[in-house]
Ligand SMILES: Nc1nc2c(ncn2[C@@H]2O[C@H](COP(=O)(O)OP(=O)(O)OP(=O)(O)O)[C@@H](O)[C@H]2O)c(=O)[nH]1
Ligand SMILES: [Mg+2]
């Protein structure tokens with residue numbers, strides 16, 4: 001145990017830059033949901049990589065935004081907490097991006113005493129010239145960071161980043177039992193999988209007006225029976241989610257089932273219901289109940 005290394009590696013950055021894609025690439029499992037829409041991640045999700053002599057506790061966080069309603073305020077609290085307990089900070093940017101929309105966070109990053117790895121992501125979409133220009137730009141903006149050009153999607157340079165993390169981690173016993181993969185319960189992954197399908201298939205305000213809650217998760221030897229509630233803010237949204245003759249909701253159910261069967265390695269039976277909970281995104285009681293921390 002004397003040579004054991006362990007620590008927290010926290011991933012922060014603007015929405016949609018690929019933070020969750022990176023986390024999943026490190027873990028080798030689909031822990032965090034990924035979509036092309038901004039604000040896909042709403043919570044802080046831990047993903048743990050265990051080795052004989054190390055434990056890397058990664059944390060995926062929501063993209064940094066200026067909060068417009070209470071749920072987003074709570075999302076930014078998750079980002080702040082990720083700052084506070086980091087042993088290594090990963091600041092992720094994507095090709096073509098200029099800087100963090102939130103100046104206060106940006107200042108924290110450039111002045112922190114924690115080692116910062118700046119990951120320039122999505123380089124599969126760039127050419128050599130653009131890449132060099134971007135690296136020079138970020139060197140100037142975040143002089144305290146080590147820069148890695150990566151593609152989280154194509155798993156390019158991800159291993160190199162991981163090796164560097166191992167070098168930077170302090171000597172420490174593990175924080176979690178060595179077979180732990182995440183801090184979130186099974187129902188969380190059910191909720192998130194369903195929410196991912198909703199983000200993928202609906203537009204405008206719908207993705208942001210939806211929260212999912214799993215009421216029943218009953219695991220038998222060969223099958224898991226799930227009943228989940230899709231919560232929306234308005235009656236009109238309920239109609240849109242269900243769709244003509246229930247076809248839209250059915251598609252969400254079928255695709256969620258397929259993903260969850262892979263994730264849990266068991267047959268899944270899933271029932272979905274849609275419920276209106278007026279303005280839940282600004283309702284302190286609902287937010288607390290749904291696991292968003294309140295000040
Ligand atoms: N071309 C390319 N696309 C990527 C790469 N990494 C992520 N993406 C895509 O970028 C989009 C956003 O990825 P996410 O991992 O959900 O991004 P995020 O930073 O977690 O986003 P939020 O949770 O909304 O803050 C998805 O469509 C990904 O497939 C990459 O290396 N190359
Ligand atoms: Mg994310």
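Each Cβ is built from the backbone N, Cα and C atoms, and glycine gets one as well.
Residues or ranges marked as domain 'Era-type G' by TrEMBL: 5-174.
Residues annotated as region 'G1' in TrEMBL: 13-20. Note on the region 'G1' (13-20): its mean pLDDT in the predicted model is 96.
The local packing around residue 13 (GTP binding site), expressed as other Cβ atoms within 10 Å of its Cβ over all shown chains, amounts to 25. The GTP binding site feature in TrEMBL is assigned to 13-20, 60-64, 121-124.
Look at TrEMBL and you will find 39-43 tagged as region 'G2'. The DSSP breakdown of the region 'G2' (39-43), given as helix, strand and coil counts, is 0 helix, 0 strand, 5 coil.
Here TrEMBL flags 60-63 as region 'G3'. Across the region 'G3' (60-63), DSSP assigns 0 helix, 1 strand, 3 coil.
Residues or ranges marked as region 'G4' in TrEMBL: 121-124. If you look at the region 'G4' (121-124), the same-chain residues 6 or more away from its ends with a CB under 8 A from one of its CBs are 17-18, 21-22, 92-95, 131, 149-154, 156.
Residues or ranges marked as domain 'KH type-2' in TrEMBL: 202-278.
According to DSSP, residue 13 (GTP binding site) is assigned to a strand segment. The least crowded of the binding-site residues 16, 61, judged by other CB atoms within 10 A of its own CB, is 16.
Checking the binding-site residues 19, 64, 123 for a CB within less than 6 Å of any atom of ligand 2 leaves 19, listed in sequence order. Per-class residue totals from DSSP over the region 'G4' (121-124), listed helix then strand then coil: 2 helix, 1 strand, 1 coil. Checking the binding-site residues 16, 19, 64 against ligand 1 with a 6 Å cutoff on the Cβ atom leaves 16, 19, in sequence order.
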